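Engineer: These came from TrEMBL, pasted as-is:
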type: REGION; residues: 1-25; note: region 'Disordered'
type: COMPBIAS; residues: 1-18; note: compositional bias 'Low complexity'
type: BINDING; residues: Cys31, Cys32; note: Cu cation binding site
Amino acid sequence: MFGFFKSSTDSKTTPDSKLPVVEEQTKPKPCCACPETKKARDSCFFDHGDEAEKKCHYLILAHRDCMKSYGYEF
């Protein structure tokens, strides 16, 4: 009849195109990922000062591996 009485089926948009895409697993912020390995690494660095690079190497690798498991690249 009148133009302003058109049905909503005239629209070409689909409801599926307006839905948000949700990832299966959300990635935490880098500061919040791997708190256990981060705490151990940081504590080792504070305890050993200048020698931390050598003495804490295994903790650095453990934290790096943990971060990689969340998809972060180094």
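Using the three backbone atoms N, Cα and C, a Cβ is placed for every residue, glycine included.
Just so you know, TrEMBL annotations never went through curation; they're auto-generated.
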Engineer: Among all the protein chains here, how many other CB atoms are within 10 A of the CB of Cys32 (Cu cation binding site)?
Structural biologist: 9
Engineer: Just to confirm: which same-chain residues, 6+ apart in sequence, have a Cβ under 8 Å from the Cβ of Cys31 (Cu cation binding site)?
Structural biologist: none
